[in-house]
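> Annotations per TrEMBL:
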type: TRANSMEM; residues: 12-41; note: transmembrane segment
type: TRANSMEM; residues: 47-67; note: transmembrane segment
type: TRANSMEM; residues: 79-101; note: transmembrane segment
type: TRANSMEM; residues: 107-128; note: transmembrane segment
type: TRANSMEM; residues: 194-216; note: transmembrane segment
type: TRANSMEM; residues: 228-248; note: transmembrane segment
type: TRANSMEM; residues: 268-292; note: transmembrane segment
type: TRANSMEM; residues: 347-367; note: transmembrane segment
type: TRANSMEM; residues: 379-398; note: transmembrane segment
type: TRANSMEM; residues: 404-424; note: transmembrane segment
type: TRANSMEM; residues: 436-453; note: transmembrane segment
type: TRANSMEM; residues: 465-485; note: transmembrane segment
Amino acid sequence: MATIRRLASDTIWYGLSSIVGRVINILLIPVITAVLSTAVFGNYSTLYSLVGVILVFYTLRLETAYFRFGSEEGNENTVYSSALTMIYGSAVILSVLLFAFSDQVVALLNLTSDYSIYIPMLAIILFFDAINEIPFCRLRLSNRPRRFAFIKLAMILTNVAIVCFFFLLCPWLLRQGMDWIHAIYFPEYHLSYLIGANVISSGVAFVLLLPEWTAFWKYFDATTMRKMVIYSLPLLIVGLAGIVNEVMDRIFLQNFLPYDKNTTSQMVGIYSGNYKIAMFIALFTQAFRYAAEPFFFQEYKRKDSNVLYGKVATYYTIVSAFGFLAVTLALPWLQDFFLRKPSYAEGYNVTVVILLANILLGLYYNISIWYKLQDKTRYGMYISLVGVVVTVLGNILFIRGYGYMASAWTTFACYLVMTILCFVIGSRFYEFRLEWGKIGYILLLTLGSYLLYELTWHGQSWDGVIGQWMRVVFFAVPLILYFLYDRKELHRVFRGEI
């Protein structure tokens, strides 16, 4: 199978479960927001921003080091054992600390003290997710996509079943007069049920991955571990910076919005709900990363690897840009379907800006592979720290004046600056062969169509036949124009020649 088609196939296999999981999570949004108040949903989002930050310390970013050194012939067992041992030790220590200092963590998040009971639950989630990371990476590197997908889907189905039981079935049974359900169901504990579902699903994944733990300590090598840690330490900063750029906006909003605590939580809830709709592009980006990271390391020895990586960036842009257009054209309907409550409608522009930011983030992932391949991970750290500065300053300086839109535009600015810096610095060490003409044309078509829609049709009814057809026209015209522009190469890709 040709290389581009193989990457596309891997993206589908390795990303299938992630996409399904994220889609189901999005589908659960109306179920959750229909039960939780906007303020509680905002606090729930704030709690999970903590998970994103701390998970970087749990895994020490050794998953990238595993791909880098594990792809070398005859070295996988030693690399796997060393990485897994290191992560297990860090997971135990950090989970104990979270249990011990739960009150202080809640105070740091600017939440009320009654939320401290959820910190130990989050510590258990983090423990399981961290020690599951390297076994999942091994499945990807050893080309076992079906087992990977099976375990991920088992996690998803477990989580969905528990959430639906407590958020849909139990309330329905109560409405039918079946009071016996009070023995296991307490409406005031909905947030506990939601986080508890995550605890159990992460535990299910651990059980299913137990075969990958057989004698994991047998091949441990201190020298290999030291080499991996040196490689991954800058990536730890990269990962932490990435989480700050991606999820710390909720914490900034909690602390800098000029409202009382309840109104602030409502604003964070509106922002978070609309942010989640933008995750449609992030679904594809995550699937792409699952397939692309081992792919880039495996193909690096090719003489034309830089040309290949350039084409990969082009096709990533095609899919993400047309994904942006599809989501924005359907955004009024998506808001009504997923968020339900009218209070979320005012956050319309949050989704648009975050979609654009995610396209830039995907381009950054494509470009940033140079410092991972050439063992220059410290440059990734420098670039990411610049991104953190943009994120922190943008949120602190502008939230009070512009509300949650300041956080959305700061996210966009952060990824734009990081992408430009990564390309400029990387050009000193690596010969990029990016197809800027094609990338620019794709973005011109899709953004132009969106802006034309905003100027001529936004706010019009989508219910009639004309509204439905206008949506099709705004999407189909740029798609046809790009196909006509690049039809020869697209035919070669579909035939498996590239």
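Here the Cβ of each residue, glycine as well, is placed from N, Cα and C on the backbone.
Please treat TrEMBL annotations as automatic predictions, because they have not gone through curation.
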> For the transmembrane segment (194-216), find every same-chain residue at least 6 residues outside the stretch whose CB is under 8 Å from a CB in it, and list them.
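For the transmembrane segment (194-216), the far contacts come to 32, 36, 44, 47, 80-81, 84-85, 118, 121-122, 124-125, 128-129, 131-132, 135-136, 138-139, 150-152, 154-156, 158-159, 162-163, 166-167.
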> Can you work out whether the transmembrane segment (228-248) touches the transmembrane segment (379-398), with the criterion being 3+ CB pairs under 8 Å where the paired residues are 6 or more apart along the chain?
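Contact criterion met.
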> Which sequence-distant residues neighbour the transmembrane segment (465-485)? Criterion: at least 6 residues beyond either end, Cβ under 8 Å.
318, 322, 325-326, 329-330, 441-442, 445-446, 448-450, 452-453, 457
> Go through the chain and flag residues at least 6 beyond the ends of the transmembrane segment (268-292) whose CB is under 8 A from any CB in it; none is fine as an answer.
7, 10-16, 18-19, 22-23, 25-26, 29, 33, 38-39, 41-43, 45-46, 140, 249-250, 253-254, 257, 312, 316, 319-320, 323-324, 327, 331, 334-335, 338-339, 343-344, 346-348, 350-352, 354-355, 358-359, 361-362, 365-366, 369, 404, 407-408
> Residue list, the transmembrane segment (379-398) vs rest of chain: Cβ under 8 Å, 6 or more residues beyond ends.
234-235, 237-238, 241-242, 244-245, 248-249, 252-253, 256, 368, 371-372, 406-407, 409-411, 413-415, 417-418, 421-422, 425-426
> Where else in the chain does the transmembrane segment (436-453) make close Cβ contacts, counting only residues six or more beyond its ends and a cut-off under 8 Å?
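Contacts with the transmembrane segment (436-453): 313-314, 317-318, 321-322, 324-325, 328-329, 352, 359, 363, 474-475, 477-478, 481-482, 485-486.
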